[in-house]
Amino acid sequence: MPFEARDDNVDPDAIGNHYHDDGLLWQTHYAAVEVFDYPHATMHMKIFCQSYWGELHDLTFSYKRGSTKEPEEENAWETKFRQSLARPGTDEAAMMHTPLAAVVRYDTGNPTTHLFYISTGFKIREVIWKNGSQTNDCLGITVCPTSSLAVTKWGAGSQTHFRLYYQSKAGTIEEHCLDCNAGTWTKGATLSGPVSAYDDDSPLRGTSLSFINLAQDKPELRGYFQTAKGSIQEFTYKGTKWSTSKIGVDAAPFRTPLAAITVEKNKIAALYYVDAYNRINEVLWEGDWEGSERIDGESVAPGTRLAVASLKYIGHDKIHMFSSGLVNVITQRVWTRENGAWGDRPTIVDFEAPVQVEVEPGLDPAIHLTKPTRDGRRV
């Protein structure tokens with residue numbers, strides 16, 4: 001029987017300078033995507049997370065050279081841009097500890113980034129960045145308050161297809177579909193039965209979800225979830241119907257985070273989860289599932305979420321993994337194909353919540369710094 005990950009007596013209210021009203025939300029969810037801007041020959045990565053009062057943040061990191069072909073050293077990443085969205089007290093406000101899922105499409109010639117999150121009314125919202133503009137719309141899909149979110153895609157020519165996954169109020173794993181040219185979301189498949197105390201293979205309420213596609217131009221979909229018994233299982237779809245199978249992880253801490261990705265030209269699938277000792281584990285598929293192994297000896301924060309994104313070049317593969325460190329900072333781990341291993345230690349991604357100054361004319365702004373309130377105002 002799985003059990004909850006131990007917390008090592010960590011008190012989030014005593015974390016230190018990294019835990020404060022303007023800082024990163026303790027146990028925030030993450031989403032990460034790689035973005036290739038071919039018209040401008042630039043390459044960057046976006047990380048999405050949530051801060052203390054519930055605002056969502058978009059952090060953009062870019063290679064110094066801005067090359068789409070030449071990788072730099074790992075610490076050559078530098079903060080390029082940061083913005084806040086889904087502010088508290090607005091119609092776009094996100095629920096606290098909202099799950100996050102993101103995807104990028106290229107069928108318009110320029111990269112278009114889509115971010116999905118859950119509102120305070122437990123409905124899925126979608127933020128789209130396209131050609132320098134941003135929209136935020138409610139999809140009208142009501143989810144379980146503890147639902148996770150996952151998204152994947154495939155495309156051929158000028159048409160891209162999205163598949164969005166979530167958990168319903170009954171606990172079933174549901175799918176919504178978008179053919180991007182059509183522009184309208186439609187209901188897709190129901191992948192599982194409801195949560196059941198009598199079925200060990202039914203989804204755990206609040207299970208993490210992660211989906212990938214093993215093909216670029218057609219659906220060869222795989223999705224991962226945790227069962228009521230605590231095992232991690234796999235959904236598989238190859239264009240006809242969904243099936244469910246085991247991957248060899250029979251017990252993991254309840255609600256362990258799941259993050260999956262493909263490497264080696266989609267020949268290998270990698271799934272990551274956190275064990276009971278707050279270490280990240282990896283399970284690889286290359287025609288068959290291999291045993292679970294820890295990727296390093298470094299602990300993550302209890303209750304952390306995971307996000308992974310890949311940067312792929314000719315002859316190069318990199319996986320960037322993001323999680324929360326023990327002092328409530330964003331940490332990054334990097335795997336490279338050249339080394340065939342993860343780096344020695346995770347590095348810290350700088351997160352500084354924006355400070356706004358609102359003062360009357362003639363007053364010194366240095367002594368009138370403002371801070372956000374729970375309803376989104378600044379006082």
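Glycine is no exception: its Cβ is also placed from the backbone N, Cα and C atoms.
For GLU126, TRP185, the entry in Swiss-Prot reads alpha-L-fucose 1 binding site. Marked as beta-L-fucose 1 binding site by Swiss-Prot on the basis of similarity to another entry: GLU126, TRP185. What Swiss-Prot lists as beta-L-fucose 2 binding site is ARG163, TRP242, and the listing cites similarity to another entry. Sequence annotations record features per position, and here Swiss-Prot assigns alpha-L-fucose 2 binding site to ARG222, GLU234, TRP289. The beta-L-fucose 3 binding site annotation in Swiss-Prot covers GLU282.
Shown here: features listed in Swiss-Prot, placed on the structure.
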residue : record                        : DSSP class
GLU126  : alpha-L-fucose 1 binding site : strand
ARG163  : beta-L-fucose 2 binding site  : strand
TRP185  : alpha-L-fucose 1 binding site : strand
ARG222  : alpha-L-fucose 2 binding site : strand
GLU234  : alpha-L-fucose 2 binding site : strand
TRP242  : beta-L-fucose 2 binding site  : strand
GLU282  : beta-L-fucose 3 binding site  : strand
TRP289  : alpha-L-fucose 2 binding site : strand
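Note: the alpha-L-fucose 2 site is recorded as ARG222, GLU234, TRP289; in the same chain, TYR224, THR236, SER245, ILE247, ALA269, LEU271, TRP285 also have Cβ atoms within 8 Å of that site's Cβ centroid. Distance between Cα atoms for TRP289 (alpha-L-fucose 2 binding site) and GLU126 (alpha-L-fucose 1 binding site): 34 Å, as a whole number. Here the Cβ of TRP289 (alpha-L-fucose 2 binding site) has 17 other Cβ atoms within 10 Å, regardless of which shown protein chain they belong to.
TRP242 (beta-L-fucose 2 binding site) sits 9 Å from ARG222 (alpha-L-fucose 2 binding site), taking the C-alpha atoms as the reference points. Of all Cβ atoms in the shown protein chains, 20 besides its own fall within 10 Å of the Cβ of GLU234 (alpha-L-fucose 2 binding site). The CA atom of GLU126 (alpha-L-fucose 1 binding site) is located 23 Å away from the CA atom of ARG222 (alpha-L-fucose 2 binding site). Reported as a whole number, the C-alpha separation between GLU234 (alpha-L-fucose 2 binding site) and GLU282 (beta-L-fucose 3 binding site) equals 15 Å.
When Cβ atoms from all protein chains are considered, those within 10 Å of TRP242 (beta-L-fucose 2 binding site) total 17, not counting its own. Cα spacing between TRP185 (alpha-L-fucose 1 binding site) and ARG222 (alpha-L-fucose 2 binding site): 20 Å, rounded to the nearest whole number. Distance between Cα atoms for GLU282 (beta-L-fucose 3 binding site) and ARG222 (alpha-L-fucose 2 binding site): 16 Å, as a whole number.
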